[in-house]
Amino acid sequence: MASSAKSVVPAADLQSFTEYLRGCKRIVALLGAGISASSGLPTFRGAGGLWRSHDATSLATPEAFDETPGLVWQFYSYRRHMALQADPNKAHYALAELARRNEDFITLSQNVDGLSQRANHPVKQLHLLHGTLFNVKCTNFYCNYTEDNYTDPIVPALEIPKKSSGLNPSATDKTGEQASKAIGEALDDTSTEVDISDASNPIATVAREDLPQCPKCEDGLLRPGVVWFGEPLPEKTIRAVDKWIAAGPVDLCLVIGTSAKVFPAAGYVHEARSQGARVAVCNMDPNDTPGELHYGDWFFQGDAGVIVPEILKSVIGISD
Ligand code: BJW
């Protein structure tokens, strides 16, 4: 018997979107943290937005790094670790496939987690607006050192602490069940890690000299190669995106898993509109739209990891 998996997208919306999509040439997608939520990574605002007792966005500033470089590095080292443990989901793969099939499709990602790259998204069509967790650069104004770096932890002092092994003999367990569970957990590295995103688990203060140091000038601290509030977006990236938008009419702007509250990233939706684009938003929260939706736009409510492959299926030919 043929499978009859039920669509999560209302049929009329799916049909009108699909018909339009088939005729689209120049497409731009703006991605936010919500696309990686399906891969288990937290978002910035709302429920996932606290790291220990800190609002995640308050740690994403040059001022926070100047004042508490150890804490900010602990936050980023933890996120590097989590991103390396996570896998791209079906939305990342679907967008990568769309890019392979349509060279006039570009993706502007606000995400720093590397999941689009690991889904083999064609690099020329992927613009990283806010940098990446896996690049570091020197903070010394006079030093231009930068490197790609995937070492986890980047320095020993940033290693996520392990729970105590719990391998002590038990006075009450006569069956060995507790012991075999403890041995299993000790062997499965991630389950023995302390959840340092939870403020009730104490963490040691990391001294400045134990943080990543610049090997070139031997003076500055290294910092994550991401864009913090108040910092300009990478010039080359902005130039390339502006040139693409100015090059002609834009047919469609996909806005996926972003609260669209951070500029200039969110402004690209308005720029795409001014080039004629219709907008399709995919978000869990119906209030998170880039301004008011217009007649002819679409709002697909739900998990991007499910919705995005479904709405692109007719063009990319895959969904599972
Ligand atoms: C799901 C889901 C699921 C959940 N499926 N959906 C104009 C007006 C007002 C202010 C400004 C302005 N222009 C500039 C500013 C200032 C500032 C700004 O925008 N402030 C706002 C807070 C108002 N902008 C800047 O400072 C920028 N720089 C700048 O403008 O420089 C100018 C300059 C020029 C020349 C010299 C000097 C300066 C820089 C902004 C950098 C943002 N950086 C961060 C941190 C990056 C590093 C890191 O990751 O740690 O970027 S902040 C944070 O927010 C991060 C994100 O990329 C960004 C956007 O967040 P995102 O991705 O939208 O996440 P959330 O959590 O907000 O939303 C998740 C969404 O997913 C929600 O809607 C959920 O419902 C949804 N969701 N699960 C689908 N399964």
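We count from 1, first residue shown onward.
Including glycine, each Cβ sits where the backbone N, Cα and C put it.
Going by TrEMBL, these are the annotated features:
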| type | residues | note |
| --- | --- | --- |
| DOMAIN | 7-320 | domain 'Deacetylase sirtuin-type' |
| ACT_SITE | HIS130 | active site, proton acceptor |
| BINDING | CYS138, CYS143, CYS214, CYS217 | Zn(2+) binding site |
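Here the features listed in TrEMBL are placed on the structure.
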residue	record	DSSP (3 states)
HIS130	active site, proton acceptor	coil
CYS138	Zn(2+) binding site	strand
CYS143	Zn(2+) binding site	coil
CYS214	Zn(2+) binding site	coil
*asked:* Please identify which of CYS138, CYS143, CYS214, CYS217 has the densest Cβ environment, defined as other Cβ atoms within 10 Å, among these binding-site residues.
replied: CYS138
*What recorded positions among HIS130, CYS138, CYS143 have a C-beta sitting less than 6 Å from any atom of ligand 1?*
HIS130
*Determine the Cβ neighbour count for HIS130 (active site, proton acceptor): the number of other Cβ atoms within 10 Å of its Cβ.*
22
*Beyond CYS138, CYS143, CYS214, CYS217, what residues of that chain have CB atoms within 8 A of the centre of the Zn(2+) site's CB atoms?*
THR139, ASN140, TYR142, ASN144, TYR145, LYS216, GLU218, ASP219, GLY220, LEU222
*asked:* Return the average pLDDT for the domain 'Deacetylase sirtuin-type' (7-320) as a whole number.
replied: 93
